[in-house]
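Here's the structure we're looking at; comments come further down.
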Amino acid sequence: MALAGRAALRWGARLPSPGPAAAPLCRPAWLPAACGRPYSSRGKEEIDMSTYPVESIRNFSIIAHVDHGKSTLADRLLEITGTISKTDHNKQVLDKLQVERERGITVKAQSASLFYNHEGINYLLSLIDTPGHVDFSYEVSRSLSACQGVILVVDANEGIQAQTVANFYLAFEAQLSIIPVINKIDLKNADPERVEKQIEKLFDIPTDECIRISAKQGTNVEKVLQKVIEKIPPPQCNTADPLKALVFDSTFDHYRGVVANIALFGGEIAKGHKIVSAHTKKRYEVNEVGILTPNEQPTHKLYAGQVGYLIAGMKEVTEAQIGDTLFLYKQPVEPLPGFKSVKPMVFAGMYPVDQTEYNNLKSALERLTLNDSSVTVHRDSSLALGAGWRLGFLGLLHMEVFNQRLEQEYNMSVILTAPTVPYKAVLSSAKLIKEYGKDQITIINPAQFPDKLSVSEYLEPIVLGTIVTPHEYIGKIITLCQDRRAVQKDLLYIDENRVMLKYLFPLNEIVVDFYDALKSLSSGYARDKAYAAGKLLCEHLKETIPRQLFEIAIQAAIGKKIIARETLKPYRKNVVAKCYGGDITRRMKLLRRQAEGKRLMRKIGNVEVPRDAFIRVLKRETDK
């Protein structure tokens, strides 16, 4: 079974309480092998890109559900075109990040230029391999902006799954040519006929247009290349037009500054050209242009319709905005539409373990968010953890991968608080409306929740979720969705064994444990969960806060309502130890005097929660 969420996010569901998705090869002698250093192109002969006019260019992406074989297909395409040498070690060649190789998934779209001869004509094919998980759908939508077509890969065993549907509609809405490919036909339980019928029923694509392949064994993969040339149109642009280049991705190099991935929608660009950013209005001189094969390969020029990279001395991460338009100095053009701003689904606080590392973490965040522009960053502070940031992510996996990249690529250790979702509050207090300047506010930090007496209603985010499952689980899944306050919008049998369900879910109900609950089928509502979470947090704090000479009450509250409490007992001196015999009144007098002293200490005493205690609580909450 699989689950995907559409990027659209709606507000409007009322909360029950205020609680917190083999033809001849044309391989020039200068084409680099797949191995070697990431930047080893100096001294190599530059490629003459003028030999590839717009008519012989095809720009396309590979899209699919997770683990349907996108990266394996990309490896075979690179081998067939001679872009990389054919060896047994070619696995996830385009997955360059350590986190991608460790997890076995694509989290960052990667491009490569392929050279292929078909019927005597040399073609330039620009391939972009995209992620399959719903948390990285922004990478997919950005990649599609540089393409005129897509290869839609579907597993012959699993069939159409949730993210297959979501990615299809991204390509369909962008009006791109779609080539359906059924992969893994070599598997024992493969059923390509069933998958072809699913594709025809859901996407209205005739079964005879589907290409059956085995990317692992290379079966029929060359037919995919031929179909790309025949079905995907060349870019609609002209070299004679003024330069108009779209920045659709970028990375930061410590020595060369920003390396921008660009798609040319007009004109040409070469080393030495003076260019201007439509976003910042700053002027730059181009130091290097080139293509990715998949390593950087400098070229003399890039022309309209081609996809490549550009280095222009941008030293600050804020200078390279994803979606920016670049044009020649004194030849301004109408900026390209760019990209829709992404809506974060999950928020979490991020703080340095040691506050002396604040500036280093700030620099690391700026550089990593340049490469992952779907993350939103707002400054934040905590009494317990000090200065930090409130980060917005597209999902839990996105948050985990971002944190892992910080550690692996920038050697930064951070404290990440428990994930939350944004809420809205409709204010009823005239004082608060005047203070905020509006009657509706968005809350991304639980500590900022206004008192319920000042709020007429709370609103929570709603997402459209798609579940594809074998029909035998449908009853249990419907029950689970109802327990999570979901509203059913559609139920469709895509074949005799599989069902596609569409539900409107409160985001808070699915963001943390819904995937696990699909198997374990647990249930609960907002206040019940708040009580359990509050009680657990109080218990952890009780174990980690040092005891004092007076009693400490540890409470969890929603607004002004206390929902859980634990008491930390004080240290107690045996004041009657020196009394041997004698009148009982003396013992009682000493005990009363001790009790009065502890009451006084409770009034004037301060409790400092050690930072390491707070960190231990957060870690235990994460490991739970």
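For all residues, glycine too, the Cβ spot is worked out from N, Cα and C.
Any TrEMBL annotation is an automated prediction that lacks curation.
Annotated features, as they stand in TrEMBL:
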DOMAIN    55-236  domain 'Tr-type G'
BINDING   64-71, 129-133, 183-186  GTP binding site
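Of all the binding-site residues given, namely K70, H133, the one with the smallest number of surrounding CB atoms inside 10 A is H133.
The Cβ of T130 (GTP binding site) lies under 8 Å from the Cβ of S61, I62, I63, K70, T106, A109, F136, E139, V140, S143, N167, each of which sits 6+ residues away along the same chain. Each of the binding-site residues A64, I185 was scored by the number of other CB atoms within 10 A of its CB, and the lowest score belongs to I185.
D67 (GTP binding site): 16 other CB atoms within 10 A of its CB, across all protein chains.
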